[in-house]
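The structure under discussion appears below in the form of structure tokens.
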Amino acid sequence: MGQTLFDKVWNRHVLYGKLGEPQLLYIDLHLIHEVTSPQAFEGLRLQNRKLRRPDLTFATLDHNVPTIDIFNIKDEIANKQITTLQKNAIDFGVHIFDMGSDEQGIVHMVGPETGLTQPGKTIVCGDSHTATHGAFGAIAFGIGTSEVEHVFATQTLWQTKPKNLKIDINGTLPTGVYAKDIILHLIKTYGVDFGTGYALEFTGETIKNLSMDGRMTICNMAIEGGAKYGIIQPDDITFEYVKGRPFADNFVKSVDKWRELYSDDDAIFDRVIELDVSTLEPQVTWGTNPEMGVNFSEPFPEISDINDQRAYDYMGLEPGQKAEDIDLGYVFLGSCTNARLSDLIEASHIVKGNKVHPNITAIVVPGSRTVKKEAEKLGLDTIFKNAGFEWREPGCSMCLGMNPDQVPEGVHCASTSNRNFEGRQGKGARTHLVSPAMAAAAAIHGKFVDVRKVVV
């Protein structure tokens, strides 16, 4: 019997254990940041343990960093977290992409950009959106702080192998419709728990035609569908992306092995979902989880349960309204879902020559220093600033209400991030998940519009 891509990578990393029971996996790459690592490092100190593989552990600063003045950290908690990671990196010999360095940025962007993320690896991070790296044909998943400490001490983790779910996506994406719309549509259609207990493998011609940026967007939000893992077969697009990256000096000797990473024709999946994107519309969420979304042309649904009622009450919306009726106040272009160069380029096409609507506060936060520098070389910062956007330093920013960048209470925000939970972007903030193009158009028009009619 053939094996799935996920099976192949998993089986190569099993050190001990039987199928159906917890198995001990070797971890190839451990990415850490300032929020979920301090307690784990302290655990090592208390037990007088060494960091098992400092050469496979890499740190960056992202969740709680300021995006206006990176060297004047006013928040005491943020300053403590940042300085603690800086000290831990020195004490334990960990390579850190520090504040102001050329590579610093959101952890799920730094890994791919530096070449640390590679096909066939097992990758963990104390962050729920670690599945992003699965776009390279890696098994990548988020872990808790106690597991972070376990990897620190042993470079292994006990995990139970999930079932395999194939999501076969075909058809040509219409103009103005993007990878973000694909994953939002899947979650809207099948729910926030359809992937629970599964590893999601995204396949099909649509996936093959996506850039690595688009593939990362889809895998990034696998967790929003309940899945711990999202994975895509590596191909020439993948290899070309990895080639020449600073930490990919093993490329020549590894690429032939990477070409063996695919699901066999006779591999058996536990479940298969098929999607034709030929008529897919731009997606907009109306509620308080990513499942609560609609096609742009559709009205918000009738109330079916208490969760819907609570969501409508929190969001200040009603059934039958449409996305264009939402009174927007903020637009956020950023996050590990959509703050890559291609996202900013797409948004800039819509913004160029226009002005941000007077009712809108709009900010752009490149996901990494690398993206920021590349965008500025292309003049994107000038385009956004001339239109009235704020152009910020890299970090997680307004994706989560942890750092200074927050949406005011009761204000609706068009956001390119991945979660629209209550309070996610700040106390009482009302988040609507959309593609970068939809967010950019909303900033200019002061409301959601059909981006298919304005994209160039």
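Cβ from N, Cα, C; glycine included.
As annotated by Swiss-Prot, [4Fe-4S] cluster binding site applies to Cys336, Cys396, Cys399, with the evidence given as sequence analysis. Within the same chain, residues at least six positions away from Cys399 ([4Fe-4S] cluster binding site) with a Cβ under 8 Å of its Cβ are Phe332, Gly334, Ser335, Cys336, Thr337, Ser415, Ser417, Asn418, Arg419, Arg424, Gln425.
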Which chain neighbours of the [4Fe-4S] cluster site, leaving out Cys336, Cys396, Cys399, have a Cβ atom within 8 Å of the mean position of the site's Cβ atoms?
Asp62, His63, Ile106, His129, Gly334, Ser335, Thr337, Ala339, Gly367, Gly395, Ser397, Leu400, Ser417, Asn418
Which same-chain residues, if any, lie at least 6 apart from Cys396 ([4Fe-4S] cluster binding site) yet have Cβ under 8 Å of it:
Asp62, His63, Asn64, Val65, Ile106, Gly334, Ser335, Cys336, Met402, Asn403
